[in-house]
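As recorded in TrEMBL:
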- 39, 41, 66, 88, 114, 144: S-adenosyl-L-methionine binding site (BINDING)
- 46-237: domain 'Ribosomal RNA adenine methylase transferase N-terminal' (DOMAIN)
- 333-352: region 'Disordered' (REGION)
């Protein structure tokens, strides 16, 4: 399956003639399932473009998430990768992927499984490992993800980046993934932008995030109601906020809880009702954050100061970190309902 190469040059890899992606869909009677938010990308020029934005793949090890009928898979193989790991949850796609595997003997390994539970810390050879401070390893994750999976998956992988776990035990593994256009805009939104949100801060404090290009919805089958963004992630050598992932997530989530109000209102939810105002003022003052800024106006240095100060407060009072604002609200509601139910029989008796 290789062209004859000139002496001293590596031969380029070419797939043999195969049925088109559209023909494979018809051959195996594959229909996109709406409940799984599946959309097929059949245009190989666009799949080639996705793979091109992943970076240099020649002789690299690649994991493709949710290959489906194999459009992006073909483009990855044509880029001359060393090994390709395919993780596909839907068993209907496995026969078509096996056809691709047979066309590229020894290059493809197919796993029928769920990427959200698949253990990626043993997915690649140990010799590919690099120190975190080094250049990224020759490992790439690529995926045209179903919309229902994309956000929980990137949150999981960002946590893995923070802890250097999963696919990031090998070093600063790069990712090239698709999202709804709006999610792509959120991932790359700058402070002050209308799309700036929790996802923006969590992604950008751990990775360089690049919105590569937009794929129009009509390029997919069936056509989704939205366009699709291709986003590239490269983990940073040093995170912009050097605190544990859970602490950063708690602070950022609290700040954005009341997006349209002053950031003071969200920061308040980090503290129990008793002493809430005093502690919130202490945190904002020490972190040097203007309490009248809106959450989306806060810069990364604002969030860094908030997280560092909150960490000191948690060190002084460990019960702070386990405090849950929503749980406190739930308990208050239960107590209120309990008082109502115990007062009702007495009220009925008086009326009688």
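From the backbone N, Cα and C atoms, a Cβ is placed for every residue, glycine too.
If you take the C-beta of residue 41 (S-adenosyl-L-methionine binding site) and look for same-chain residues 6 or more apart in sequence within under 8 angstroms, you find 47, 71, 72, 144, 215, 219, 220.
There are 27 other CB atoms within 10 A of the CB of residue 144 (S-adenosyl-L-methionine binding site), with all protein chains counted. The domain 'Ribosomal RNA adenine methylase transferase N-terminal' (46-237) scores a mean pLDDT of 95 in the predicted structure. Around the Cβ of residue 114 (S-adenosyl-L-methionine binding site), the same chain contributes 89, each under 8 angstroms and 6 or more positions distant in sequence. In sequence order, 66, 67, 68, 94, 97, 110, 111, 112, 113 make up the list of same-chain residues 6 or more apart from residue 88 (S-adenosyl-L-methionine binding site) whose Cβ falls under 8 Å from its Cβ. Each of the binding-site residues 39, 66 was assessed for Cβ neighbours inside 10 Å, and the highest tally belongs to 66. Taking every pair among 39, 41, 66, 88, 114, 144, the residues recorded as binding S-adenosyl-L-methionine, the greatest CA to CA distance is 21 Å.
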